[in-house]
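Structure record follows, encoded as structure tokens.
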Amino acid sequence: MSRTSSAPLLVLSAALAVLASTCIADPEPVQDFCVAVVPRAGDAAAAACPAYPGFPCKPASTVVSDDFFFAGLAVASDTDNRFGFNVTAANAETFPGLNTLGVSIGRVDLAPGGVNPLHSHPRATELIHVVAGRVLAGFVSTAGEFYSKVLGEGETFVVPRGMIHFQYNVGGVAAQVITAFNSQMPGVVAAGSTLFGSDPEIPDAVLAKSFQVDAKIIKLLKSKF
């Protein structure tokens, strides 16, 4: 192949490499690990630790095996609430060993008929894996298409980054779901509480016009959040 004909391929390869690097949810680590020191209010020690995108690093000389261990997913969380669900999140804030590693994991417990309400993760793609029970998982694309699947034990569903989605227990027994993310802090935007429970509030007129409903309905919805 001539030098002239290979030039476009080199340019394309370079462009793809740059694009791939920009699509990574979290920055690539530049060290083996950076166990998080999660800053607390007035914590001068945390402020003195070396910083990296995410949380400050615990001094390597003080890192121990337990920093890379998390037992929280082994225990079911309380689902006795109006939605019938609860989440145990293992992210860089709750599981310091994940800091800078670009991954996190969680456990969703759903009572019969319980729902993990509509929400999105602005910084991560999500894998939904059902450990027990039967769960309807679904998301809506930017084109307004609704994609969903009823998952049984051992089955998995993927939700693209930023898409609004949910998990709903359609079985007659409690369900357990493991969720995995390609970000140490995926973030969560809950649709209901964001729109109707923000502080300060979104004006009723804006919401009523946006949803084409009476302001009384907006006030009713706000009373729920």
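Start at 1 and count along the chain as shown; that gives each residue its number.
Just so it is clear, glycine is given a Cβ too, placed from its N, Cα and C backbone atoms.
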Per Swiss-Prot, cysteine bonded by disulfide to C57 (from C23, C34):
C34
Translate the DSSP assignment of C34 (disulfide bond) into the three-state scheme.
coil
Secondary structure tally of the domain 'Cupin type-1' (71-219) (DSSP, helix then strand then coil):
25 helix, 57 strand, 67 coil
If I take the alpha carbons of N86 (N-linked glycosylation site) and C34 (disulfide bond), what is the distance between them in whole Å?
29
